[in-house]
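Lifted from Swiss-Prot, the feature list:
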type	residues	note
ACT_SITE	Asp230	active site
DOMAIN	406-557	domain 'PA14'
CARBOHYD	Asn202	N-linked glycosylation site
CARBOHYD	Asn235	N-linked glycosylation site
CARBOHYD	Asn591	N-linked glycosylation site
CARBOHYD	Asn612	N-linked glycosylation site
CARBOHYD	Asn794	N-linked glycosylation site
Amino acid sequence: MSFQKVDPAQIESVLSKLTLEEKISLLAGKNFWETQDYPEKGVPPVKTSDGPNGARGATFKGGVTAACFPASSLLAATWDLDAAKHIGEALADETRSKGARVLLAPTVCIHRHPLGGRNFESFSEDPFLAGKLAAQYIKGLQGNGVAATIKHYAANEQETCRFTVNEHITERALREIYLKPFEIAIKESNPLAVMTAYNIVNGTHADSNNFLLRDVLRGEWGWKGLVMSDWGGTNSTADALNAGLDLEMPGPTRWRKVDEVLAVVKSGAVLEETIDERARNVLELLAKLNCFENPTIPEEKAINRPEHQKLIRSVGSQGLVLLKNEGDVLPLRKEILTNKKVALLGFAREALIHGGGSASVNAHYRVTPEEGLRAALGDTVEFEYAKGAHTFRQLPLMSDNVVNLEGQPGWTLDFFADEEPNGEPGSSISSEQPSYIPLFVKESWGSVRASAHFTPTQSGKHYFGMSGLGRSKLLIDGEVIYEQKLNCPDSMGFLLGGVEEPEIQYSFEAGKTYAVEVVSVKPTSKGGLALLDGFIGFRLGFMTEEEHNRDLLSEAVDVAKRSDIAIVFTGHTPDWETEGQDQISFHLPSNGSQDRLVAAVGAANPNTVVVNCTGVAVAMPWLDKVKAVVQAWFPGQEAGNAIADVLTGAVNPSGRLPVSFPRAIEDAPAHGNFPGDYTDGKDNRRHLEVTYKEGVFVGYRHYDLSEANRAKVLFPFGYGLSYTTFTHANHKASATSRNTVEVAVDVTNVGTCAGADVVQVYAGAKLAVPENPVKELVGFAKVHLKPGETKTANITFEVRQLTHFTERSGKWELESGDYEISIGQSVRDITGKVEIGLEAQNYKP
C-alpha cells in the first residue's frame, strides 16, 4: 500500500477556493485528534492517534481496545531492523482500525539521563542505533499506508518543566547527538510529518525555532512534509507561522484564532504567502493519504489480530536482555522443575506492559508473568504467589462498598457554574469511581461535588489519598477532614496518575454508613497547566488500615524459603514511569520496598531470579545476592508469554542493552545537569535552565573516556548474555572507496543451543583527541546460528559517520590518519580490532 502521488494542480485548485480565513482555520486542529475540514470546498479532515506502542484511538483512558506492542526501549534492545519494520507494519493496521491515518510516532529523542520520564518511548542513548531503528519503523508504517510523525523535534530529553525548560546545547552536541537520529530517519524513510517538542532550545521554543525548522529540517535536510506541534506545544502566532509550524494541535486553537492571525497578516508580521505555504502543506498531507477521494473517518474498532499477537510475543522475547546467569540457573527447564515449587513474587500477577502518558493503551488483553509461566510449565510445577512489597504511588480509587445518591454502586458527580457548589447543579452524572479527568471535556465548570455513601466491612483507621487540579476538600458526614488549599503543583502528574498525594486517616466502624464528599473548584489560571488550564479535576483514593499496614515482605520471604526457585518480578507501573514527569529516584519504587524485597528473598533462597520491567536502567543494590537477572523492559500485551519463553528456554535471549546501566545515579554523565537549575525571570516566575555540559559525551561515549569512568558502569552499552556461546574470528576491515568501509567477521556458535549474536562495530581515531569520543557505533548485525554453525557478518558503514562537526568552520570534518575499527559483542567486549588509513574530508551540513 503506497501513498497517493500529489497533483500540484489539484492542491492549487483547492487552495484557490479557500478564503484567507478558511486557510487560517486549516492551520489548527478541529478537535483533539482531527484536522479542520471544509466539505463544501472539498477539504476533508484527517484523524491522528497516539502512539509509539499502540494506536489508542480518541479516548485517553478506556475506550475501544487496541493491540499493545513492546515499548521502543525493548525494540531497541532487539538490535533487529526487521523487527522494527514489522512493528511499523502492524501499527499501520492498528491505526486504520481506529479510523486514523496519522500515527503520532516514533519518538527518537536520546536517553540523556536514566531518570528521563519518557525514555521508554525512545530507543537509545546512541543516535545511530535510534535513527536506524526509527527509519525501519517508519518504512513499515508508511509502507502500509499510514503517515508517521517523528517526534519530538528536538531535544525533549526531560519531562520536568517540559513546556518551558530552556536547554542550552552546543551546536556540535545538537548536531552529533540530538538531531542525528532525526536526520538518519528522515533521510532514509521520509516520514510525512514531524512533531515539534515542547521545550526551548537555546532560547527559542522548538515550534518557532528557525534554526531547527527552516535552516536544518527544510533547508539542509531538504525535507518536505507537515510540521505539527505537540499537543498544547504552540507558543506564538507570528513566530511559529514564519518558522514553519504548519499545524497547531489540538483544536480548538489557542494561538491561531482567525482574527488574531488576520491582524498579524495585516501588520505585515506574517505574509499571506506564508499562510498559503502552511495551508498547502496541510492539503498535501491530505492528498498523500487519499483523504480527498476517501474523506470518511471510520468508527473505531477493536480487531484482535492473531498475527499481531504472535509478532508482539516474538519481538517481546527478542528484546529481553539476560544480564546475569550465575551457575546457569536459567533456563528453567520443565523436566528439571517437575514436582518442584516455584515462588512467584512481586509483580507476578500484574503485567507491566507499557509506560504512562501517550503510550498508554487499553490493551486487548494482558498476559501476566504468572499466566505465562503456568502455561509454559504446566501442572507438574507447583507455584506459590506473594506480593512482597507495596508499590502503589497513589491509593487505588475508592470504589468498593460505596453507593451513589440514587442507591446504585458508585458515585454521584454534580457540576456547578460557580466555585461554590450551592443550589441546583448545572449537570449531574453517575460514575463508578471518584475521579474526574477533564482532558476531552468541552465544558469548563466552576466546581464539582462527588458524593457517595460508604459502608465499611472492617473497622479501623483507614487511609484516603486525594488531589485536585484546583482547591479541593474531603468531607465525611459534613466535616472537612482534609483541604488542598492551592492548585495542584503538577498538573500533568495529576492527569497521568503521578502526583504525590498526602495520606489522610479517619476512624471507621464496620457496618456503619458514612456520607463521603469531595468538592473541587476550577484552578486559578497559571503557567504550566497547559491543556488543563481552566478545567476542574479530582481523584479520591482509599485503602483499609489492614491492607495498608500489611507485612508483605515477611509473607514473601516465607514463600521463598519453602520454594526451590524464587522469581521476583520488579518494575515500574505507568504512574511511576510516565510522560509528564521525570522519575523521582534511580531505585525501584516505592521507598525502597522492591529493593528490600529482592535482597530479603535473595538471602532466603539461593536460587533467586529477578525479572525487571522498566523502560530504563535502575539501581540494583541486590545484584550480588541473586543468581540471575533479566531486563524485560515493557514487553506489550504478551508480556507474560514473552518472559516465560525466555525464562524456560523456549527462546534463547538475544537482547542487547541500547543504553548503559550506571552503578549509581551519580555516575550518569548528565548528573548534576539534570533536570537543571531554576532562575527568577522578568515575569516574576521561576524558569528552569539546563545546560548539556557533557556535550557529545553521552552514555558510553562518556564511560569510554577512562578506566575510572568505565568502572562506574554496571552493565555496558550493547551487553547481553545468551544460553549459548559465540566466538569471533577473522576480523577484517577495509576502505573500499573514499566514502565507505567494509567490515567482516566470522561468528561461530560454540554452544549447545541455537541463538543469535549481535555483532557491533565501533570506530574512532587511533590517536584519540580529548574533544572526540574514543569510539562510536557505526554498524551492527544480528546473526542467527545453530549449534556449531559459522556465518560471516558483513557490515558496511560510511566514512562520513566518523566526521565531527566543527563549530568554528561550520563543517563536518575528518582528519587524515589511522582509524581503529573495533568489532565486538558490546562496547566493552571487543573481540578484535583492525586499523585502516583514511584521508581528510569535510563537507557542509
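Keep in mind that glycine also has a Cβ here, set from the backbone N, Cα and C atoms.
For the pair Asn612 (N-linked glycosylation site) and Asn202 (N-linked glycosylation site), the Cα-Cα distance reads 37 Å. For Asn794 (N-linked glycosylation site), the nearest neighbour among the glycosylation sites Asn202, Asn235, Asn591, judged by Cα separation, is Asn202. Between the CA atoms of Asn235 (N-linked glycosylation site) and Asn202 (N-linked glycosylation site) there is a gap of 15 Å, rounded to the nearest whole number. Every protein chain shown contributes to the tally, and the Cβ of Asn591 (N-linked glycosylation site) ends up with 13 other Cβ atoms within 10 Å. The C-beta environment of the residue listed as 'active site', restricted to residues of the same chain at least 6 apart in sequence and closer than 8 Å, consists of Lys151, His152, Met195, Thr196, Ala197, Tyr198, Asp207, Met249.
Of all Cβ atoms in the shown protein chains, 15 besides its own fall within 10 Å of the Cβ of Asn202 (N-linked glycosylation site). Per-site Cβ counts within 10 Å over the glycosylation sites Asn235, Asn612, Asn794 peak at Asn612. Asn612 (N-linked glycosylation site) falls within a strand when secondary structure is assigned with DSSP. Across the fold, the C-alpha of Asn202 (N-linked glycosylation site) and the C-alpha of Asn591 (N-linked glycosylation site) stand 36 Å from each other. Under DSSP, Asn794 (N-linked glycosylation site) is assigned to a strand (E or B) in the three-state scheme.
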